[in-house]
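Chemist: Have a look at the structure that comes next, please.
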Amino acid sequence: MTLAKDIASHLLKIQAVYLKPEEPFTWASGIKSPIYTDNRVTLAYPETRTLIENGFVEAIKEAFPEVEVIAGTATAGIPHGAIIADKMDLPFAYIRSKPKDHGAGNQIEGRVAQGQKMVVVEDLISTGGSVLEAVAAAKREGADVLGVVAIFSYQLPKADKNFADAGVKLVTLSNYSDLIHLAQEEGYITPEGLYLLKRFKEDQENWQEG
């Protein structure tokens, strides 16, 4: 089994991912979605957590070998980023969604030198908007952001466009396509459910029609 499928299997088993194509969830944007993901749950399961963190380390070594500092997004990327930095013996920082409104007004907590080569850690990629804002903040502070790593991606076309437009490389350990096919193989969903999940990936607005 590939790492992507192994992680997908863990996410399903520990219920970090729920699939309900016949009774969809409603996202904050109002979109009806057949999938809900809470990767913070992974922190409660040592075997899953170790699989993910080791996967991150290998992915970063392969994709971003010149990395000098790991940064986690607040809050979901912080624990994973801290563990990765420890495993790689690298400095760690984290990036707030907006600057503090008191004290020094920091948006990045930790010490990042001008030109320091950074990899940003996120837990989930939907459209990529929030992590790309974090990347922009890090660049404003003088970091040389090499790219973003994440546990899981919904593989939405909007995310592909956003990362391409920003010129930011994205590496994910697992993804929507691997997960939904594995879910059908392991009996979490029916063939009809798989069909609906495939439609959602193609058209988030109209996947329930037809």
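Our numbering is plain: 1 for the first residue shown, then up by one each step along the chain.
Backbone N, Cα and C atoms are what each Cβ position is placed from, and that goes for glycine too.
In case it helps, Swiss-Prot gives these features for our protein:
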type: BINDING; residues: R96, K100, H102, E122, D123, L124, I125, S126, T127, G128, G129, S130; note: 5-phospho-alpha-D-ribose 1-diphosphate binding site
type: BINDING; residues: S126; note: orotate binding site
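How buried are the listed features, and what sits near them?
Modeler: Non-local contacts of R96 (5-phospho-alpha-D-ribose 1-diphosphate binding site) by the CB criterion (under 8 A, 6+ apart in sequence, same chain) comprise A74, N106, Q107, I108, E109, A137.
If you draw a 10 Å sphere around the CB of S126 (orotate binding site), it holds 20 other CB atoms from the protein chains shown. Secondary structure from DSSP puts S126 (orotate binding site) in coil.
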Chemist: Sequence gap of 6 or more, Cβ distance under 8 Å: name the residues on the same chain that satisfy this around D123 (5-phospho-alpha-D-ribose 1-diphosphate binding site), in order along the sequence.
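Modeler: Spatial neighbours, sequence-distant, of D123 (5-phospho-alpha-D-ribose 1-diphosphate binding site): N39, R40, T42, A76, G77, H80, A150, I151, F152.
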Chemist: Where does R96 (5-phospho-alpha-D-ribose 1-diphosphate binding site) sit in the DSSP three-state scheme?
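Modeler: SS state of R96 (5-phospho-alpha-D-ribose 1-diphosphate binding site) = coil.
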